[in-house]
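Colleague: Structure provided below as structure tokens; questions to follow.
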Amino acid sequence: MVDESTRKTLSSIPLLQTKAGPRDKELWVQRLKEEYQALIKYVQNNKSSDSDWFRLESNKEGTKWFGKCWYVHNLLKYEFDVEFDIPVTYPATAPEIALPELDGKTAKMYRGGKICLTDHFKPLWSRNVPKFGIAHAMALGLAPWLAVEIPDLIEKGVVAYKEKGETSS
């Protein structure tokens, strides 16, 4: 079900221990610490393998996440805003990652630009609660979605390359 490259990526992301969501005050602080450690490790791994593709930050409470992700196609870098909220039932419920500027541009997306992850990602996530976290959602959810959808959207002319400083169309 998971290819060798994905398996290698996954095995290099630390698994999380604490089963806590935003409602579990003290435990949530511990979970956030684990989330950041896993994200830092994942970004370091990506940089060392020359496959750096996103930046994320969160609000103070760690319940709203936002940043940028990018996809390189034919040597052009396509950059998108990425955002998601941590569900109150997290980690039992995976975050719904959104790329707002692509809202309505592909069938594999829900209202608000939330990417469709139901078929492949959600069952894998539910089997791995609480071990999977935000880094895993990026690696198993957003990364493959970008790899499939962005080249298709570029081919169809739905997504166009923007020079630095240009605004979205």
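Cβ atoms here come from the backbone N, Cα and C positions, even for glycine.
I grabbed these lines from Swiss-Prot:
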type: ACT_SITE; residues: CYS116; note: active site, glycyl thioester intermediate
Colleague: Who sits close to CYS116 (active site, glycyl thioester intermediate): which same-chain residues at least 6 apart have their Cβ under 8 Å from its Cβ?
Modeller: LYS108, MET109, TYR110, TRP145
Colleague: DSSP three-state call for CYS116 (active site, glycyl thioester intermediate): helix, strand or coil?
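Modeller: DSSP call for CYS116 (active site, glycyl thioester intermediate): coil, neither helix nor strand.
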